[in-house]
Amino acid sequence: MKTLLLTLVVVTIVCLDLGHTFVCHNQQSSQPPTTTNCSGGENKCYKKQWSDHRGSITERGCGCPTVKKGIKLHCCTTEKCNN
């Protein structure tokens, strides 16, 4: 019984990862680097780039969104990989 209980505790710890949250950069364009803790178990970061009347625009954040044609998208799976 003790072995079963210990096994359940270990499996729970491994599955929950002790509350660790995934971290991605979230600064826009040429702003100083900032990060955000991703919610909902998200484990990907993205960087979107496009040009408009303001010039070259960069957006960073958690997840991997769907983008329109003409927008460059880079999604990655390690923390802070989207700088």
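For all residues, glycine too, the Cβ spot is worked out from N, Cα and C.
CYS24 (disulfide bond) counts 25 other C-beta atoms within 10 Å of its own C-beta, drawing on all protein chains shown. Under the DSSP three-state reduction, CYS24 (disulfide bond) is assigned to strand. The disulfide bond feature in Swiss-Prot is assigned to CYS24-CYS45 (among others).
Per Swiss-Prot, the feature disulfide bond maps to CYS38-CYS62 (among others). A sphere of 10 angstroms centred on the C-beta of CYS62 (disulfide bond) encloses 22 other C-beta atoms. According to its DSSP assignment, CYS62 (disulfide bond) is in a strand.
Proximity of CYS64 (disulfide bond) to non-local residues of its own chain (separation of 6 or more, Cβ distance below 8 Å) is seen for LYS44, TYR46, LEU73, CYS75, given in sequence order. Annotation source Swiss-Prot lists disulfide bond at CYS64-CYS75 (among others), citing similarity to another entry.
Long-range Cβ neighbours of CYS76 (disulfide bond) (same chain, at least 6 residues apart, Cβ-Cβ under 8 Å): LYS44, CYS45, TYR46, ASN82. Per Swiss-Prot, the feature disulfide bond maps to CYS76-CYS81 (among others); the stated evidence is similarity to another entry.
If you look up Swiss-Prot, you'll see 1-21 marked as signal peptide, on the strength of experimental evidence.
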DSSP-derived class (H/G/I helix, E/B strand, else coil) of CYS81 (disulfide bond): coil
Spatial neighbours of CYS81 (disulfide bond) that are distant in sequence (at least 6 apart) but have CB under 8 A: CYS24, CYS45
Site with most surrounding Cβ atoms, counting all protein chains shown within 10 Å, from the disulfide-bonded residues CYS38, CYS45, CYS75: CYS45
